[in-house]
Amino acid sequence: MQDFWHAASAQLESELTPQQFKTWIKPLTPLSFDEQACTLRIAAPNRFKLDWVKSQFSGRIQSLACDYWEATVDVQFVLDPSAGQRQAALQPALAPVPMQPLGAQAGQPRQAMPAGNGVSHDAATLRPAPSVYRETALATASHAAADIDVPVMDAAEVSARSYRMPPQAPAVVATLAAPPQAHVDDSVHERSRLNQILTFDNFVTGKANQLARAAAIQVANNPGKSYNPLYLYGGVGLGKTHLIHAIGNFMLMENPRARIRYIHAEQYVSDVVKAYQRKAFDDFKRYYHSLDLLLIDDIQFFSGKNRTQEEFFYAFEALIANRAQVIITSDTYPKEITGIDDRLISRFDSGLTVAIEPPELEMRVAILMKKAQAENVTVPEEVAFFVAKHLRSNVRELEGALRKILAYSNFHGKEITIEVTREALKDLLTVQNRQISVENIQKTCADFYNIKVADMYSKKRPANIARPRQIAMYLAKELTQKSLPEIGELFGGRDHTTVLHAVRKIADERTKDAQLNHELHVLEQTLKG
C-alpha cells in the first residue's frame with residue numbers, strides 16, 4: 001500500500017501545480033488496503049479537505065489504484081481518526097483575540113499612506129547634473145510645492161541625477177536580489193508616497209499573479225533596463241497597487257536617494273489643473289521629468305482628460321528617454337481603455353503588459369491565513385477553506401470577510417469555527433450564492449463566440465464549438481462551486497475526466513496565449529458584472 005501511495009503521489013505531483021499538490025494531496029494518509037474486497041481507505045485531515053478531495057481528485061486516485069493493482073479498486077475517503085484529538089488540542093489557541101486594524105502589526109498603529117521623493121538608482125553611475133539645472137530646480141521646486149502636490153528636492157538629491165546608457169533587457173527572473181539593509185528615513189517614504197507595509201515579502205503569490213510578480217521583481221532589480229513601461233491590469237483588489245508599492249520600496253531600500261513618486265491618476269489630474277491655475281507648470285514638468293521611478297495607479301481615470309493626457313505623454317517620453325522606469329496600472333487592457341489618446345495607448349503597449357487574475361482557491365486560502373497571522377489570530381484551516389471557497393473575486397473581499405469574522409468572534413466571545421463563520425458572513429454568502437451559474441457561463445460563452453447555447457451540450461466536435469465549450473467548462477470550474485462531475489452533467493452528461501482535461505488545457509494555454517488570456521479576462525469581467 002505504501003509503495004502504491006508513493007508512486008501515486010509522485011504521479012499526482014507531476015500533474016498538479018505545487019500549491020495544489022501541497023494543499024490537497026500531501027496531507028492525505030493511506031490507512032489500509034483490503035485485498036479480498038479490493039478496497040483502499042485514504043484519510044483526510046479535516047472535513048473540508050475530505051469533501052474537496054472526494055469531489056475533485058477521487059476519480060484520478062481511483063484510476064491510479066486500478067492501474068497499480070490491475071483490478072477494480074473501490075477507493076474510500078474518510079476523516080482521519082486522529083483529527084478530533086488534534087482539534088481538541090488546538091482549542092485553547094482558538095480563543096477570541098482583541099481586534100486590531102487589519103494590516104497593522106501587533107502593538108503598532110496603522111501606517112497612513114505616505115507622500116513624493118528623490119534620486120537615482122545606481123550610485124556607481126551617478127554624476128553631477130549641470131549647475132544651471134541644479135540652481136533652477138532648487139529655486140523653483142520650493143515655490144511649486146507650495147501650491148501643487150509635488151515634493152521639494154534638496155541639493156544633494158538634485159545634483160545626484162543619474163544618466164543611464166540603454167542596456168539590453170535581461171530575461172525575467174523569479175528571484176529577488178536582496179537589497180542592502182539601508183535605513184530609509186520616514187520623510188523619504190512620505191515624499192514618495194510609498195506605503196512601507198506593501199512589500200514583496202508579504203505579497204502572496206499564486207498562479208493568478210505569478211507572471212506579474214516575476215515582472216515586478218525583474219523591474220525592481222533592473223529599473224529602466226528591462227520592461228519599460230510595465231503595465232499591470234486587472235480587477236479591483238487583486239494586488240496591482242501592492243506590487244507597484246513593493247517595487248518602489250525595494251528601490252528605496254537599495255538606494256534611499258532614488259527619486260520615486262507614487263501617484264493615483266486622479267491626483268495627477270488634480271495636480272495638472274493646479275499647475276495651470278498657479279502658473280507653475282514649468283516646475284511641475286521639471287519635477288516629473290526628473291524622476292527615477294514613476295508609479296501611476298488607475299490610468300483609466302485619464303479618460304477624456306485631454307490636457308492631462310498631453311502633459312503625461314511628454315513626461316512619459318522624457319522619463320523613457322532618461323532610462324527612468326515607468327509603471328502603470330489599470331483595470332483593463334490598454335486598447336480597451338476608452339477616451340485615451342492613441343499615442344498613449346501605443347506607448348503603454350510598447351513595454352510589457354501583464355494581467356493579474358482573481359486568485360485561485362489555494363491562493364485565497366494562503367491570503368486569509370497570512371492576513372490572520374498578521375493580526376496574531378489563529379484561524380483554523382477549514383475555516384479559511386470555507387471562506388475561500390465561497391468568496392472568489394478579490395483580496396479586499398477576503399480581507400473584509402476576515403474582519404467580519406474576527407469582529408463577530410470578538411463581540412460574541414466565540415471561537416472561530418465554520419458555524420461562527422457562516423453566521424458572521426450570512427449576508428455576504430447569500431449575495432455570493434446568487435451570482436454566477438453554469439447556465440449563465442454557457443450563455444455568455446455562446447454569445448461571445450457566436451455559437452448556439454445548445455452546442456454546449458451537444459456531442460459536436462468542430463473546433464469552433466469544442467473550443468468555446470472547453471472555455472466554458474474552465475470558467476465553470478473557476479467561478480462556481482460545482483464539482484467536476486456536476487459540471488460534466490451540465491455539459492450534456494460528460495464524464496468528469498473530460499471536464500478535467502478541458503480545465504487543465506485552458507489553464508495551461510492561458511499562461512502562454514495572450515489572446516486567449518485576454519478573451520478569458522473579458523468573459524470573467526462580463527460574468528462578474
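Cβ atoms are placed via backbone N, Cα and C, with glycine included.
These numbers come from a predicted model, not from an experiment.
Features as listed in Swiss-Prot:
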- GLY237, GLY239, LYS240, THR241: ATP binding site (BINDING)
- 1-72: region 'Domain I, interacts with DnaA modulators' (REGION)
- 72-192: region 'Domain II' (REGION)
- 193-409: region 'Domain III, AAA+ region' (REGION)
- 410-529: region 'Domain IV, binds dsDNA' (REGION)
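Locations of recorded Swiss-Prot features on the structure.
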residue: GLY237; record: ATP binding site; Cβ neighbours (10 Å): 18
residue: GLY239; record: ATP binding site; Cβ neighbours (10 Å): 27
residue: LYS240; record: ATP binding site; Cβ neighbours (10 Å): 25
residue: THR241; record: ATP binding site; Cβ neighbours (10 Å): 20
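Model confidence over the region 'Domain III, AAA+ region' (193-409) stands at 88, taken as the mean pLDDT rounded to a whole number. Cβ proximity to the ATP site centre (mean Cβ of GLY237, GLY239, LYS240, THR241, cutoff 8 Å) flags the following additional same-chain residues: GLY234, VAL236, LEU238, HIS242, LEU243, THR329, ILE356, ASN394, VAL395.
Taken residue by residue, the region 'Domain I, interacts with DnaA modulators' (1-72) breaks down under DSSP into 44 helix, 12 strand, 16 coil.
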